[in-house]
Amino acid sequence: MGKASRDNRDIYYRKAKEEGWRARSAFKLLQIDEEFNLFQGVKRVVDLCAAPGSWSQVLSRKLYLPAKLSPDKRDGDLPLIVAIDLQPMAPIEGVIQVQGDITNARTAEVVIRHFDGCKADLVVCDGAPDVTGLHDMDEFVQSQLILAGLTIVTHVLREGGKFIAKIFRGKDTSLLYCQLKLFFSVVTFAKPKSSRNSSIEAFAVCENYSPPEGFSPKDLHHLLEKVGTPSGEDDLDCSSGWLEGPNKVYIPFLACGDLSGYDSDRSYPLPTVADGTTYQSLDPVQPPIAPPYKRALELKKASSHGIREPEKLPSDS
């Protein structure tokens, strides 16, 4: 599919390039912010699974750049944004990049060092695995990614802070909701207008981080497992939420963004240009700098030319 046809079919893909966003997903965070006022009072924020960087761009434009351009700014008072991903990404003004694993608590230590020992006001995560199309499988793997993200959240987020994460809706969504409710007093599942109706994607908006009394991050997985079993402790919020019938938990679900605005599932005609010339499709704002498929493409090209990869010999050490 050519760029022009995709510009025609996906209005947010076209608008992202026109407005300088690296991906259409930037609009999802912007629309969630419109509804939940995410950035109010935020000085320190972490972007998990950040590459290629569209959410980090939003954070830079909404937090760092306004503070930098403010006439009454003070040195050392600029918001701090830390972006974490296993893949590198092109630089973004005001964003500190950390190449690391969000399931590793040592990554959290690096983040806190960048925050000079303080904790984050907001953690966001737009990460997702490669989808298989098998909804139950995709939902399970995505929920595991979110719970892995909690490894970082429980180490770096201050009490009262917020956590935003992509989810895939499915039959076990209530279980994920109950697990998040252990740590946040308010949890809402939101569907931005820029997220296609045909997609099972939504976003968990978790507000007022307040972990259980006496909670230690080392006990995270043990605590989450209890929520998913019939013998879950009575004092844990929504511990029976996984049950059907009268114990089923009904999750707050909210559509956000201008509901009369652009429809992400609709095709729109390309705009007419004032001088009558044909609309010129724009290149992506930032091509990937180290795509994981690059090595596979190199091997495929080499094999098509009959080139064999040189054998790797064991080292003497």
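Glycine too: its Cβ is placed from the backbone N, Cα and C atoms.
Taken from TrEMBL as is:
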- Lys166: active site, proton acceptor (ACT_SITE)
- Gly53, Trp55, Asp85, Asp101, Asp126: S-adenosyl-L-methionine binding site (BINDING)
- 21-209: domain 'Ribosomal RNA methyltransferase FtsJ' (DOMAIN)
For the domain 'Ribosomal RNA methyltransferase FtsJ' (21-209), the mean pLDDT of the predicted model: 91
- request: Go through Gly53, Trp55, Asp85, Asp101, Asp126, our binding-site residues, and report the one whose Cβ sees the most other Cβ atoms within 10 Å.
  value: Trp55
Statement: Rounded Cα distance in angstrom between Asp85 (S-adenosyl-L-methionine binding site) and Lys166 (active site, proton acceptor) is 15
- request: For the residue listed as 'active site, proton acceptor', identify the closest of the binding-site residues Gly53, Trp55, Asp101, Asp126, judging by Cα separation.
  value: Asp126
Message: For a quick check of packing: other C-beta atoms within 10 Å of the C-beta of Lys166 (active site, proton acceptor), how many?
response: 21
